[in-house]
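**Q** The structure's right below; bear with me while I get my questions together.
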Amino acid sequence: MLTIAFVLFALQLSATASPSPAFGGVHHIELTRRRPLNATRNAPVDIEKLSAETASILGKYDAGFDAFLENTGKTHSLVDSITNNNKSKRAVGNSQIVDDGDSLWIGLLAIGTSNPQQTFIVGFDTGSASTLVLSSACTSADCQPHRRYNPALSSTSRNLNKPFTLKMSNTDSVSGAQYADTVKVDVLQASGQVFGAANAFPKAFKTYPNEPGGLVGMAYGSISAYKGSTSFPQTLVAQGAMTDPVFAFRLTSGSGSQLTIGGTDQAAYTGAVTYVPVTSRGFWQVTLDGVTVSIPPGGGGVAAPPQTAVGRTQAILDTGSQYIIGDPGNVAKLYAAIPGSAALGNGMYSYPCATSPTVSLVFGGVAFPIDPSLFCAGSVPQNGDLCVGAVVAAPQTKPPQRFWSVGDVFLQNVYSIFDLGQNRVGFATPA
């Protein structure tokens with residue numbers, strides 16, 4: 001039996017979705033944020049759990065690196081500074097904690113040709129490329145409240161007779177069977193889309209209220225767990241289902257978050273769009289020109305104009321991650337530019353909340369500031385005057401990791417455009 005929460009959520013999205021033509025055009029999909037049960041912006045931060053999320057997100061990238069090698073026969077460029085031995089050391093903190101600090105931006109996905117179609121609540125993740133739902137073969141108590149894919153109900157379903165194992169994080173993986181079927185978001189339809197139907201409920205999903213029932217990877221198919229397949233947006237492009245080979249996100253902490261497919265929502269941003277090229281077609285990987293820090297007058301310290309704290313590096317843009325994760329050396333330099341900051345351990349740093357620093361990420365020569373309220377991940381336990389910064393250092397490796405992961409603590413401050421036609425990412429100021 002489906003939960004009342006699923007029915008209400010589906011009705012809510014149906015009511016708010018914009019009318020769309022049957023094919024092509026620009027389509028707006030309303031998104032709702034699902035944060036973990038323990039996540040409250042102003043509450044004390046659980047340092048161990050935040051550290052566990054860092055390891056989990058990096059574990060997801062390790063799985064993508066492995067898939068890239070399997071799919072292309074080449075080592076991913078970001079693996080140059082990460083040995084297999086380093087990857088095996090990702091687990092930090094309590095291994096029983098999985099993705100507790102993460103967040104998901106969720107909407108509805110429909111699969112098959114049954115009437116009605118089988119509908120799932122899924123997270124849209126630019127940090128991966130695999131689509132995953134639960135299988136009807138999963139009969140555990142965890143799976144019972146959720147929609148589960150039943151291939152017998154769809155005349156277009158094909159069992160590919162290929163098992164899969166999808167790594168959700170450094171401590172969590174799910175297995176099942178690969179299928180190809182008609183997959184739809186709004187009215188955009190991808191025929192023969194390859195996806196996985198999981199035989200068990202992912203541990204990572206259990207940390208959320210109204211647990212999601214799947215994921216849609218929005219990156220390039222070269223990092224998919226399903227060898228030789230394309231991701232959902234790539235399939236739409238290949239089949240001519242999108243007027244323009246573009247999708248875009250407007251993410252907000254309040255209402256109004258949306259995923260636009262087939263173009264952009266020009267009412268959602270102002271001014272010019274700054275585009276930067278994708279540097280490797282796997283993740284949505286681009287060049288981060290630098291990170292600047294400024295301290296406002298009356299900010300609890302000496303006012304300081306923007307200064308460059310971090311130089312050029314590579315960055316992965318990830319809607320499936322809440323925080324920004326960087327290499328230890330450069331993260332230390334960033335916090336050194338914030339008066340009163342101090343290392344908390346496990347890659348975390350504190351700073352006086354009254355300082356209210358403005359940290360900006362520079363793409364294409366343009367600095368995009370992070371709202372100081374978003375830069376604060378919460379307060380230090382037992383000291384509400386100190387904030388925990390939302391930029392976290394990755395575990396130390398030899399050689400050190402050199403790329404950054406840029407999650408929604410930044411993406412909520414921009415209108416982000418992902419262009420599969422010209423292999424580029426655009427950033428603009430939200431309206």
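Glycine too: its Cβ is placed from the backbone N, Cα and C atoms.
For reference, TrEMBL lists these features for the protein:
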type: SIGNAL; residues: 1-17; note: signal peptide
type: DOMAIN; residues: 105-428; note: domain 'Peptidase A1'
type: ACT_SITE; residues: Asp125; note: active site
type: DISULFID; residues: Cys138-Cys143; note: disulfide bond
type: ACT_SITE; residues: Asp318; note: active site
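Neighbours and distances for these, please.
**A** Within its own chain, Asp125 (active site) has Leu104, Leu215, Val216, Gly217, Met218, Ala219, Asp318, Thr319, Gly320 as residues 6 or more apart in sequence whose C-beta sits under 8 angstroms from its own.
DSSP gives Cys138 (disulfide bond) a coil state; it is part of no helix or strand. Around Cys138 (disulfide bond), a 10 Å sphere centred on its CB holds 19 further CB atoms from the protein chains shown.
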**Q** Per-residue pLDDT averaged over the domain 'Peptidase A1' (105-428) comes to what?
**A** 92
**Q** According to DSSP, collapsed to three classes, what secondary structure does Cys143 (disulfide bond) have?
**A** coil
**Q** Just to be sure I understand the packing, how many Cβ atoms besides its own are within 10 Å of the Cβ of Asp318 (active site)?
**A** 27
**Q** Within 10 Å of the Cβ of Cys143 (disulfide bond), how many other Cβ atoms can be counted across all chains shown?
**A** 19
**Q** So, three-state DSSP: helix, strand or coil for Asp125 (active site)?
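**A** DSSP assigns Asp125 (active site) to strand.
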